[in-house]
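Have a look at the structure below, then the notes.
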Amino acid sequence: MERSGTFVSETNLNLIWALVVGSISLGALAGALLVRVLSERCGRRNALIINGIFNIIGAFCELIARSASSPELLIIGRFILGANMGLTSGVVPMYLMELTPTKYRGAAGTLHMVAVSFSDWFSLLIGLPEVLGGSIWWPIAFALPGIPALALCFILPFCPESPKYLLVTRGNREGAYDSIVALVGEKQAKPVFNELIRESARDKSRSGSFWELFTSKKLRLPLLVSLLVMVAQQFTGCTAVFAYSTDMFINAKLDPQTARYATLAIGVVYFLFACSAPLLIDRVGRRPLSLFQLISCLIALSLLTLFTGIQQYGQATWASYGTIGALVLYMCVYGVGSPIPWMITGELFNQHFRSTAVTVSVFVAFFMTMIISSAYLPFQQMVGVTFSYMPFIVGSCISIVVLYFILPETKNRDVNDIVNEARARNHSLSLGMPWNTLSKEGRTENKHIEALNP
């Protein structure tokens, strides 16, 4: 109205709204595709600095969009911030895990999702109308990511680059040693550096291209496992629960204001339980924790379906408390295992293929997020709230069974050892003897067979 002097038609308004909403998902897909390019050409640390600079630009676009009366700036800003999401989700876990000794690799890989879970509840807080979610202050809420991005750009230049990247990808032995000294000190640097030399000597591949990733028989199974773990988490229904939890609380007969506070509360619960992941990941192991999360989310979704059905068809008011309890339970168990899909890809591949595989994995995650968030509401309107969780329940059941037989344990293990176990599990399934994957003797026998038939 301010720019043209006429009101925008409802059709054009809906188009602008769709672009504003969808631009962040499209940006995330674009950012995911940049993971390999930037992390390999610029390095892990420098890729994050570049990402931070663009984050500041995107935040500035968000900040001035309203005063400039420009929905285009709002769309561009959200697209850039979406690209930041995609790039960060791939590079940060990879950078942290490459900086960290094998003993603490799991805990380091989970820290990214702990930070994400903090951001989730904090964004819910500042989005409340009483905070920054009103008609006047929302540009500030949208622009807030620029502040930590600015801090990142000032702090990261003083942080070391990944020693593995410097040695294996760049062949810079002196730079890799200096980076290790900065991380662990002069006394411990030599044994860490020698271990890194041995690891790079075992790594015979040199290209790390997408073509080789998709065509190499040796890489096919690790890629399949990493994608299945990511897809399995999406089938827990996390995207739908996060996007529509306020509506779910309203369906549970809470008034809209209370529903918003309830959504904030379960966001805090999710963060608190995500904080347990760094403590559990190396004690329990990736495989048990992942299966625990999937099974627990399946139980929570089943309870959510049950109580919603009782409330909708049985007209029982008490069932609304069951619905709320099921949502809280879901957030608790989801938070415990949420970091695993984002870190396990980095443990399944060697240095040359790590960034390539992470690129594919993160792209698949954000692509499924976009599809589920777009399709869930129309599907819910078509089948009703009660049955809208059924695809997630069925998908979770299938994921649990498949991963139970093929997902290897990666804790404190070399990449070659992890891949050998995955191949042994796959060999047992191809022989129609999945029970062999469950015993140590069976896996050892399969490894010998695989060694004779590489």
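Just so you know, the numbers here start at 1 and follow the chain as drawn.
From the backbone N, Cα and C atoms, a Cβ is placed for every residue, glycine too.
The feature domain 'Major facilitator superfamily (MFS) profile' is assigned by TrEMBL to 1-411.
Under the heading transmembrane segment, TrEMBL lists 15-35 (among others). Residues 8, 47, 71, 74-76, 78-91, 355, 358-359, 362-363, 365-367, 369-370, 373-374 of the same chain lie 6+ residues outside the transmembrane segment (15-35) yet bring a C-beta within less than 8 angstroms of a C-beta in it.
Residues annotated as transmembrane segment in TrEMBL: 47-69 (among others).
Only residues 6 or more beyond the boundaries of the transmembrane segment (75-96), in the same chain, are considered here, and those with a CB under 8 A from a CB of the stretch are 16, 19-20, 23-35, 38-39, 44-45, 47-48, 51, 54-55, 57-62, 65, 108-109, 111-112, 142, 145, 149, 162, 339, 342-343, 346, 354-355, 358-359, 361-363, 365-366. Under the heading transmembrane segment, TrEMBL lists 75-96 (among others).
What TrEMBL records for 108-129 (among others) is transmembrane segment.
Residues or ranges marked as transmembrane segment by TrEMBL: 135-156 (among others). Long-range contacts of the transmembrane segment (135-156) within the same chain: residues 45, 48-49, 51-53, 55-56, 58-60, 62-67, 74, 77-78, 81, 84, 123, 126-127, each at least 6 residues beyond the stretch ends and with a Cβ under 8 Å from a Cβ of the stretch.
What TrEMBL lists as transmembrane segment is 221-244 (among others). For the transmembrane segment (221-244), the list of distant contacts is 120, 213-214, 290, 293-294, 297-298, 301, 327, 330-331, 334, 338, 340-341, 344-345, 348-349, 357, 360-361, 364-365, 368-369, 372-373, 376-377, 380, 388-389, 391-392, 395-396, 398-400, 402-403, 406-408, 418-419, 422-423, 426: same-chain residues at least six beyond its ends, Cβ to Cβ under 8 Å.
Look at TrEMBL and you will find 264-281 (among others) tagged as transmembrane segment.
Among the features that TrEMBL reports, transmembrane segment is placed at 288-310 (among others).
Marked as transmembrane segment by TrEMBL: 316-336 (among others).
Taken from TrEMBL, the feature transmembrane segment covers 357-377 (among others).
What TrEMBL lists as transmembrane segment is 389-407 (among others).
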Review point. Which residues of the same chain, at least 6 past either end of the transmembrane segment (389-407), have a Cβ under 8 Å from a Cβ in it?
Key: 224-225, 228-229, 231-232, 235-237, 240, 287, 290-291, 294-295, 297-298, 301-302, 304-305, 308, 379, 383, 422, 425-426, 428-429, 434, 437
**Study point:** Tertiary contacts of the transmembrane segment (316-336), as residues 6+ beyond its ends and Cβ separation under 8 Å
**Key:** 117, 236, 238, 241, 245, 248-249, 251-254, 262, 266-267, 269-274, 276-277, 280, 289, 292-293, 296-297, 299-301, 303-304, 306-308, 310
**Study point:** Surrounding residues of the transmembrane segment (47-69) on its own chain - C-beta under 8 Å, 6+ positions past either end
**Key:** 2-3, 35, 38-39, 76-81, 83-84, 87-88, 91-92, 95, 138-140, 142-147, 149-150, 152-153, 156-157
